[in-house]
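Heads up, the thing below is written out as structure tokens.
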């Protein structure tokens, strides 16, 4: 079990460090930097690379909504859920702490003012989208993400391609929703940066736990009841 938890911790660390790091350090440097598309690709690449690296150890969840969604889909034991979620949150926070340290080396850096890659809705949405818009996009994309994960890891799916499908799915999710919520679909990712933003991000953090998890459960149940092939 320790190896599984370590894999989840390292994997989530990589996701936050690579994905949020690209948003904090590279998205707007210089001027446009890598932009939304670059950040979306970075998030997808973090999952793809770590799924190949440690997926065989822990399953490569790196996301509480994925862990709970896989449990809802009958793919993951309930007794391991809490340990996985704790490991994911710890890994994300460590990554965010290192990003904060790096970003603080630039004169004028202010995590609270910049948002520090935090997720938000309403006045804190990158595009000014409402709470309802954020609810719909996070719910639909979290459910869709779990459908992709269940399908790509199904025993009847082509072997060896799951990390590619899942990484590309996460890239697509970010391309769609960065303007709406700055893209969560992952409570551990949201928590990690919200701690260092320290203001509105913490006030809205509950939303980015509840909605992705509910969406993940919906996706897991849809695949389990409607799509999974029975022997």
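Yeah, the Cβs are placed from backbone N, Cα and C, and that goes for glycine too.
What Swiss-Prot says about this protein:
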type: TRANSMEM; residues: 9-29; note: transmembrane segment
type: SITE; residues: 20; note: site 'Involved in tetramerization or stability of the tetramer'
type: TRANSMEM; residues: 34-54; note: transmembrane segment
type: SITE; residues: 43; note: site 'Selectivity filter'
type: TRANSMEM; residues: 82-102; note: transmembrane segment
type: TRANSMEM; residues: 129-149; note: transmembrane segment
type: TRANSMEM; residues: 156-176; note: transmembrane segment
type: SITE; residues: 174; note: site 'Selectivity filter'
type: SITE; residues: 183; note: site 'Selectivity filter'
type: SITE; residues: 189; note: site 'Selectivity filter'
type: TRANSMEM; residues: 202-222; note: transmembrane segment
Recorded stretches the transmembrane segment (156-176) and the transmembrane segment (202-222) touching, at least 3 CB pairs under 8 Å: no
Separation of alpha carbons, residue 20 (site 'Involved in tetramerization or stability of the tetramer') and residue 174 (site 'Selectivity filter') (Å): 12
Among 174, 189, which are recorded sites, the residue with the most C-beta atoms within 10 angstroms of its C-beta: 189
Sequence-distant neighbours of residue 20 (site 'Involved in tetramerization or stability of the tetramer') in its chain (C-beta under 8 A, six or more apart): 95, 96, 99, 116, 117, 189, 192, 193
Residue 43 (site 'Selectivity filter') and residue 183 (site 'Selectivity filter'), Cα-Cα, nearest whole angstrom: 10
For residue 20 (site 'Involved in tetramerization or stability of the tetramer'): DSSP state (helix, strand, coil): helix
Long-range Cβ neighbours of the transmembrane segment (202-222) (under 8 Å; 6 or more residues past either end): 63-66, 68-75, 119-121, 124, 131, 134-135, 138-147, 149-150, 181, 184-187, 190-191, 194-195
Under 8 Å by Cβ from residue 43 (site 'Selectivity filter'), counting only residues of that chain that are 6 or more apart: 15, 18, 19, 22, 170, 171, 174, 183
